[in-house]
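Undergrad: Take this structure first; my questions come after.
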Amino acid sequence: MGNFFLFAMTLVVCSVIVLLTGVADSAVICSEPTNLAEQYSQYMANATVSNMLEYLESSTAGGVASDEEEQLIYGNRICPSSIKAITTDPKSSVFERTTCPYFLVASHLSTRYPKIITEARCKCSGCVPLEENGHSDLTRCEPVYRPVRVLSRTGNCVNGVYQYAAAVHMKQEGCTCVRKTEALSGSGSGSNGSDDPIPM
């Protein structure tokens, strides 16, 4: 009797392991669509101003997705201490000579198409001052965004293929020096003012 009970329990445990393994395997067997580039081309061809505005209402700007990876591709992350530290080389790029300098990164997100998008990142939080340690409390650097059309993975897997839907990504194009806005009375905002992105 004891041996039979042990044998029965062994069968139950093995069955559970096989079942769980099958569930795990079925959960990961999902691949990218083979026509993803074609889907994107069709989306770009059919996009209009009205549906762009519709997508914009549900899009978010600023911040980085938890699974998004960035690689520095041009420039450096060092914020100049004063305008004297900014290059005057005529061959230099505008974003190296601005009072809100920025660098370029390759943003990679596996659940988006195109998966790699080149974006700007601000080097400084405040505008570069004329003199050393002369940062003003009246100005700051803010990102400048431009909406770009993308396809975003929905999370659904149909017949082993990931599903994508039209979306809009707020691409950071650069940084600009702006005067800080004053908090509205009763808004509860701090002295830094609005953090809304600046559209291009």
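Note that the numbers count up from 1, one per residue, in the order the chain is shown.
Cβ atoms are placed via backbone N, Cα and C, with glycine included.
Note that the coordinates shown come from a computational prediction; the quantities given were computed from them, not determined experimentally.
Below, the features straight out of Swiss-Prot:
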type     : residues      : note
SIGNAL   : 1-26          : signal peptide
CARBOHYD : Asn46         : N-linked glycosylation site
DISULFID : Cys122-Cys175 : disulfide bond
DISULFID : Cys127-Cys177 : disulfide bond
CARBOHYD : Asn192        : N-linked glycosylation site
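What's the neighbourhood like for each of these?
TA: Cβ environment of Asn46 (N-linked glycosylation site): no same-chain residue six or more positions apart lies under 8 Å away. Under the DSSP three-state reduction, Asn46 (N-linked glycosylation site) is assigned to helix.
For Cys175 (disulfide bond), applying a Cβ distance below 8 Å and a minimum sequence separation of six or more within one chain yields Phe95, Thr98, Cys100, Pro101, Tyr102, Ala120, Cys122, Lys123, Cys124, Cys141, Glu142, Pro143, Val144. Secondary structure from DSSP puts Cys175 (disulfide bond) in a beta strand.
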Undergrad: Of Cys122, Cys127, Cys177, the disulfide-bonded residues given in the record, which has the fewest other CB atoms within 10 A of its CB?
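TA: Each of the disulfide-bonded residues Cys122, Cys127, Cys177 was scored by Cβ atoms within 10 Å; lowest is Cys177.
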